[in-house]
Amino acid sequence: MATIPTPRSPSPVHDHHDHDLSESDSKPLLDHNHAPAGSSHEFHHPVYEPDYRYSYTDEHLNYYPSGPNPSEGKLDEPFTPKPEEYSKPQDYARQTRYEDMDYAEEPFTVPAKTRSGMEERPNIIKRYFGLYPLAQRIEDKKRGVGVQKYPIASWALCAVMLGILIYELVTNQKAQGSPFSFKPVVNPMLGPSSSALIQLGARFPPCMTNVSDFPITTPVACLNNTANPATELCSLESICAFGGFHNETPDQWFRFITPIFLHAGLIHFLLNMLAQCTASAQVEREMGTPAFLILYFAAGIFGNVLGGNFALVGAPSVGASGAIFGTVAVAWVDLFAHWRYQYQPVKKLVFMIIELIIGVAIGFIPYVDNFAHLGGLLMGLLVAMVLYPIISPSTRHRSIVIALRVLALPLIIVLFVVLIRNFYTSDPYAACSWCRYLSCIPTSSNNHCKGNGYSTGSSSI
């Protein structure tokens, strides 16, 4: 069987007719005797090498860092290595015009000073008056970065309200033998009776001032009453509790404040706390705790003032809904003030309108006061206009914001003064006879929203 000969490499052919080789052409490109010791790496002419060399390790475990081709020679110049100057390949790479690129192999770490500056949050004064760069303010707004990391007040209020709800249920348990009121009527919110809510501090105008439609001599169902119609009747003063009335005149003004901490039942509490721990908590992060508390209680109190003027006087009202609606109002101010910085602002506006409609619809449910919602929303808009930090990219925008702030502050004061005065000195029904329908759907159970809204046999909270 014939053996196939192994091909040999062709021998160089010398053409005697070629031009004479120059001295530079006749020299080898690199004398391997001068290559770096302990390395099999060979230097090549830059024509045949890429501009950038990736890091690698040879068979002798010698490391070659990434970087530009270790040659400073130009393509039109002869390659003239100087191996005597480089004892290591790394030394050769550092002599190129990109001498520091090999340091990129080390893990990147942000200096502590720079890192702390990046994580630093602007304080309330800087945020409100815009005393830090506009670009950073815009970036903070897009990222949702506020003046503080944790909504301390929102969480604390949730904890306090939970404790008070437990106390409400315990009170009803002692009076009726059950934490939830099922007799004489069922509380759909899974909470105590209306009499228990009144005794614990609900907004109830007959306990706060003289009401012609609900005189002080009107009998009220006792806490332990479970019959319908009521068989256990108590005086209004005993149900209003808190030490009774002074000089035989109802004067419990603090019922504008205490209802914020009370809830009609377990369902009412869960709905409000869900909103408070999300929407309200984010508002506190952006505004800071002091401004948030001013907004929260101003909206909550004004919602009760508005309800005291125009809701049915015999219907107790409780809940933090007014205060929460005040914090939700901040989202409206934020949307229109920072329209250009919002992600899909039109879509967000449509969602907020739907959310508002749902909130108003919930206000017609028994045990919920729509005036607290509407009043809290109105006061929230005004207080947010005064206290919420707004980014002003131009002088014209800043002038408009300042003008609105100046107008909002006296309007807040006027609304509080006028409505509180009207509550104590005038008949609210005379001023607006149809306003009650904003929080009451006429049915036979509530006498079609006529009268005072209270019955000894049933409750229309």
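Glycine too: its Cβ is placed from the backbone N, Cα and C atoms.
The region 'Disordered' annotation in TrEMBL covers 1-46, 59-92. Per TrEMBL, the feature compositional bias 'Basic and acidic residues' maps to 13-34, 73-88. For 150-170, 253-271, 292-312, 318-337, 349-368, 374-391, 403-424, the entry in TrEMBL reads transmembrane segment. Annotation comment: TrEMBL describes 251-388 as domain 'Peptidase S54 rhomboid'.
Mean model confidence of the domain 'Peptidase S54 rhomboid' (251-388) amounts to 91 (pLDDT, 0 to 100 scale). The domain 'Peptidase S54 rhomboid' (251-388): residue composition by secondary structure is 108 helix, 1 strand, 29 coil, according to DSSP. Outside the transmembrane segment (150-170), and at least 6 residues removed from its termini, the chain residues within Cβ reach (under 8 Å) are 179-180, 191-192, 196-197, 200, 261-263, 266, 269, 272-273, 276-277, 280-282, 284-285, 289, 292-293, 296, 320. Between the transmembrane segment (374-391) and the stretches 253-271, 292-312, 318-337, 349-368, 403-424, it is 318-337 that has the most C-beta pairs under 8 angstroms.
Of the two recorded stretches, the transmembrane segment (403-424) lies close to the transmembrane segment (292-312), with three or more CB pairs under 8 Å once pairs fewer than 6 apart in sequence are set aside. Same-chain residues lying 6 or more positions outside the transmembrane segment (253-271) and placing a CB less than 8 Å from one of its CB atoms are 160-162, 164-165, 168-169, 180, 187-192, 197, 200-204, 207-208, 242, 297, 300-301, 304-305, 308, 317-320, 322-323, 367-368, 372, 461.
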